[in-house]
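Okay, so here's the structure we're looking at.
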Amino acid sequence: METTATILHADLDAFYASVEQLLDPSLRGKPIAVGGGVVLAASYEARAFGVRGGMPGRKARELCPQLIFVGGNFSHYQRLGDAAIKVLDDFTPVVERISIDEAFADVAGCTHLFGQPRDIATAIRHRVRAELGLPISIGVARTKHLAKIASQVAKPDGLVVVDPGTELDFLHDLPVSLMWGVGPATKSRLAEIGIQTIGELARTHSGALTRLLGPAAGEKLAALAWNRDPRKLETRRRAHSAGAQSALGQKPAVARVIVPTLLHLADRVASRLRAKARPGRTVTVRVRFADLSAVTRSITLDQPISATTMLAEIAGDLVRGVLADHPREKTISLLAISVSHLEESAELQLDLPLGLADEKRRPGSKKGLARFGADRAIDKIRERFGKQAVGYGTVALEAARSVPDEFRELAEKEL
């Protein structure tokens with residue numbers, strides 16, 4: 001680990017809402033939400049009333065009757081997000097962009113040019129505000145995890161530097177919800193055994209965390225609670241997974257909602273896998289319920305897949321398993337699919353026709369090859385005539401369209 005804090009995490013504050021207030025100054029100081037049927041993003045003024053991203057529009061209006069909904073200016077989001085990252089690039093070549101509105105930067109190699117990390121972070125914030133008119137919060141620390149937490153503590157529109165020697169004092173008084181990987185469901189499970197702060201988590205025996213969260217998550221959180229994070233910045237990341245999600249508002253957990261939504265998600269994910277000739281072996285689904293708690297489930301296959309209907313069916317099995325384990329949950333607010341363990345191969349290994357029950361889900365079987373061929377035909381039509389030229393009937397007729405496709409594409413774009 002470095003002996004000085006040189007890793008920055010820069011995060012544009014309430015980015016989509018801030019852009020809307022920049023484009024229309026009459027919205028400044030007012031509670032606004034980007035979206036309609038589902039809140040895609042909320043300004044800090046709206047968050048003060050409890051409005052959050054992913055929330056149904058109706059509930060958001062109940063919490064904040066004066067809430068102003070705006071449709072979204074997606075080209076401006078991309079332009080301004082790129083411009084903010086360019087400011088970081090002007091100070092250091094070691095930049096890892098992790099989303100449209102946030103990035104890590106390591107300034108260890110440029111302090112002789114621009115001053116100490118605190119000075120560099122201050123200069124970045126001033127330039128983003130002066131050149132783009134947007135607020136940005138920055139955290140500075142020795143590790144990526146701590147820098148990201150520091151930027152959250154700095155919000156809105158602030159700067160927090162965590163110097164070596166003060167790290168655990170800073171970290172251990174903070175709530176566990178600030179940690180990477182702790183969502184509402186994990187936070188709730190930790191609270192059940194009396195863990196509210198990162199310090200309480202750090203002092204919990206690793207065996208208890210493993211039993212509660214599983215070996216991977218338990219060991220990871222235990223290490224992060226002690227600021228043990230050896231990860232380096234990845235400036236030229238190659239995608240290790242592909243995913244898509246759909247915020248549904250509040251929908252009944254029934255087949256007529258789940259099946260078309262999963263097919264729509266599978267279409268978005270699988271088409272990207274085929275375009276990169278990178279099928280994957282591990283399929284993961286995420287189901288978020290009405291109370292915003294979420295459950296994930298995954299399966300690792302014998303062969304990598306990139307066929308749309310095959311992915312949708314496997315995801316459907318996983319989602320049904322989640323719902324079977326949570327029979328009291330009758331409403332879902334989000335579904336997500338991701339494929340990981342990607343491989344560098346466009347070719348399919350042929351299977352012998354053994355009449356196996358899962359033959360249609362085996363990529364190299366006769367039925368599997370037919371499915372892949374149909375997908376490639378769809379890909380070629382879309383390449384020539386556009387994405388809307390052809391699709392799956394179930395998706396076209398039934399899939400919820402509460403989130404604009406432009407927003408989905410922006411969120412899923414490989415940066």
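Cβ from N, Cα, C; glycine included.
Residues annotated as domain 'UmuC' in Swiss-Prot: 7-183. Confidence across the domain 'UmuC' (7-183), taken as the mean pLDDT and rounded to a whole number, stands at 94.
Per Swiss-Prot, Mg(2+) binding site is recorded for Asp11, Asp101. In the three-state DSSP reading, Asp11 (Mg(2+) binding site) counts as strand.
The site 'Substrate discrimination' annotation in Swiss-Prot covers Tyr16. Mapped onto three states, the DSSP output places Tyr16 (site 'Substrate discrimination') in helix.
The active site annotation in Swiss-Prot covers Glu102. If you take the C-beta of Glu102 (active site) and look for same-chain residues 6 or more apart in sequence within under 8 angstroms, you find His9, Ala10, Asp11, Leu12, Ser151.
Counting every protein chain shown, the Cβ of Tyr16 (site 'Substrate discrimination') has 27 other Cβ atoms within 10 Å. Packing around Asp11 (Mg(2+) binding site) is summarised by its Cβ count: 22 other Cβ atoms lie within 10 angstroms of its Cβ, all protein chains included.
Classification of Asp101 (Mg(2+) binding site) by DSSP places it in coil, neither helical nor stranded.
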